[in-house]
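Feature annotations, reproduced from Swiss-Prot:
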- 48-68: transmembrane segment (TRANSMEM)
- 121-141: transmembrane segment (TRANSMEM)
- 153-173: transmembrane segment (TRANSMEM)
- 215-235: transmembrane segment (TRANSMEM)
- 287-307: transmembrane segment (TRANSMEM)
- 320-340: transmembrane segment (TRANSMEM)
- 419-439: transmembrane segment (TRANSMEM)
- 448-468: transmembrane segment (TRANSMEM)
- 537-557: transmembrane segment (TRANSMEM)
- 602-622: transmembrane segment (TRANSMEM)
- 650-670: transmembrane segment (TRANSMEM)
- 683-703: transmembrane segment (TRANSMEM)
Amino acid sequence: MDEIVEDSSRVMEIEGQNDDLDRCVVEEVELTVPKTDDPTLPVLTFRMWTLGLGACIILSFINQFFWYRQMPLTISGISAQIAVVPLGHLMAKVLPTRMFLEGSKWEFSMNPGPFNVKEHVLITIFANSGAGTVYATHILSAIKLYYKRSLPFLPAFLLMITTQFLGFGWAGLFRKHLVEPGEMWWPSNLVQVSLFSALHEKEKKKKGGMTRIQFFLIVLVTSFAYYILPGYLFTMITSISWICWLGPKSVLVHQLGSGEQGLGIGAIGIDWATISSYLGSPLASPLFATINVTIGFVVIMYVATPICYWLNIYKAKTYPIFSSGLFMGNGSSYDVLSIIDKKFHLDRDIYAKTGPINMSTFFAVTYGLGFATLSATIVHVLLFNGRDLWKQTRGAFQRNKKMDFHTRIMKKNYREVPMWWFYVILVLNIALIMFISFYYNATVQLPWWGVLLACAIAVFFTPLIGVIAATTNQEPGLNVITEYVIGYLYPERPVANMCFKVYGYISMTQALTFIQDFKLGLYMKIPPRSMFMAQVVGTLVSVVVYTGTAWWLMVDIPHLCDKSLLPPDSEWTCPMDRVFFDASVIWGLVGPRRMFGNLGEYAAINWFFLVGAIAPFFVWLATKAFPAHKWISKIHFPVILGATSMMPPAMAVNFTSWCIVAFVFGHFLYKYKRQWWKKYNYVLSGGLDAGTAFMTILIFLSVGRKGIGLLWWGNADDSTNCSLASCPTAKGVIMHGCPVL
């Protein structure tokens, strides 16, 4: 309550101003976000701390647990957002209302009144801290499970915690640019805003209709019941690759039709986990972003990949058409461990004898698209947002600046988080990372100058990527450029490369996550200091749980991530960790000079940097030449070029299913059923998330842990139905289970 600096009459004063001034610049925000605030509502309550910490711990454990699975379903904070509602109301009824430490500065009550939406938002912020995973876990997995090296717990934990907290510093530097302007609207936040409204607003039921909470409960129960089919009884519907059935013994047909190992033409998944696993909820994607992603996917997957493969570029036919694996020149798997010396560096002599590492052409092109996305992002933001960014930078600390409607309410009613809070966290983290680089250098391999360079890259790209994410719901990654830079400057050290990538790339990603939460707090009128406190505590708790869970699974599950030793039907294949490990070999152990430089076979891939830099100019020039055609400005090359950045480990079926659903809801329903979309779209997304997540947990706890499965044709996965999709088509190449041409 001490954060309130104006009474609620100020809100009414703002609401009485000119309608044009009050109208949000983004229509979806205008339709979804409430324009009211009650600054007297209690926020940092006993209920909030209890339910928030509980949700954070549970989700952190569950998400880290499922991260190692073939379809790494991420249980979003929406699941906890729903589950805590009855618990919050129950606590409001049964907890004592007595005041503790009455009359002092610290007085509080375990039950200050009805369970309110602001408590609920902060509980969800705690839950969001546990919704996902800590990217630095990949380093732990790579070292222990793939490189088969020992890793002490303390440096592992310090890596995890510094990765997460470094982002707070960057978030503080750029929050005014990426939170306060109305144009920076962060589309996925509207799912949670809509759900909060459904759960807390008293909505009158129309005759023959449903309230949003009734609709949500129906979707929740339905999706919960339905997921028993793709999750256990009929798993084949996670990827229906029907084209493979037309040619059971044809490698070509399998390559074209496989949704998991091929191009996925016609493949579709009737499974919410398949649809939303890698790209997030399609219901939260703006139409122009959906169209850009779809164009990018179609051009890359159905035009570029087949052309490169059948022209045999980079000996494409010697390897699978779609794979993140590393291969010998004859098509067999590359024995990475054989080229590492005792100091965990590249053994140059053995590498020279063994021969260079080869990739599938798709994997090589994926890296090229990463180069293009990076340069396209810089040029696009400078061309289309550069002037606005410059104005925002100049006016960020000016008193009389134009502000978004919701920002004006927050400025009137609450005190901001002082910048020195962010500076303290930033300085402490950089100091701790420096300590790690000196004291545990044998483990992390990263020198002090590498730490500073990683921080510089994160600072430079946070506002650029932030503009893209805040307006399109797509977030181009920096993993390629960070790997490239340190790979050239400090080659043959895989752990140094991984650590540099985590500090340079993931600290930026974390910053954008914190900024997105700040925007959610702005939409829901949460006191900024309370929001900051929830973020810091939630992040700390989640890191502890993530680290402990990952460490436990690495010890407890035999042959975790090792496909060669796991049972054929095992889910513990770790697709994300495998890609991360392969990247550490390419960029860290072998180094970009031997792969993409003058010593490598893939040097031509560097031309993608130029392609990405040039592409946005065509759109920019077209907007100047044809200003009446507003659709031209919606052509977004960073999104088009980065559309398949998650492939692999994402598969074709994830994209085909996502694009169809996103287009149906983002175009047809938004255009022709606007009122239905406004009322139910984001609520539907939340219900599907929650129901699928709850059934996934139930399946694992009831039968998954015991290894109880059903053996019948409906549980044959895509790799069984399209078993020849990963076969080479070059003459004389021998691969187990494949015909020799």
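Any Cβ shown, glycine's included, is placed from N, Cα and C.
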Within-chain partners of the transmembrane segment (683-703) [C-beta distance under 8 Å, separation at least 6 from its ends] = 62, 66, 73, 75-76, 78-79, 81-83, 191-192, 194-195, 198, 212, 215-228, 231-232, 272-273, 276, 281, 283-284, 709
Same-chain residues at least 6 beyond the ends of the transmembrane segment (537-557) whose Cβ lies under 8 Å from its Cβ atoms = 52-53, 56-57, 59-61, 64-65, 68, 125-126, 128-130, 133-134, 137, 140-141, 144-145, 153, 156-157, 160-161, 164-165, 168, 572
Query = So which residues does the transmembrane segment (153-173) touch in its own chain, when a touch means Cβ under 8 Å and the partner is 6 or more beyond its ends?
reply = 134-137, 139-140, 417, 419, 421-423, 425-427, 429-430, 432-433, 436, 440, 443-444, 455, 458-459, 462, 499, 502-503, 506-515, 518, 535-536, 539-540, 542-543, 546-547, 551
Ask   = With the transmembrane segment (650-670) as the reference, which stretch in 48-68, 215-235, 287-307, 419-439 has the largest tally of C-beta pairs below 8 Å?
value = 287-307
Task = Would you mind listing the long-range same-chain contacts of the transmembrane segment (287-307), meaning Cβ under 8 Å and 6+ residues beyond its ends?
result = 187, 263-265, 279, 321-322, 361-362, 365, 369, 472-474, 634-636, 639-644, 647, 652, 655, 658-659, 662-663, 666-667, 670
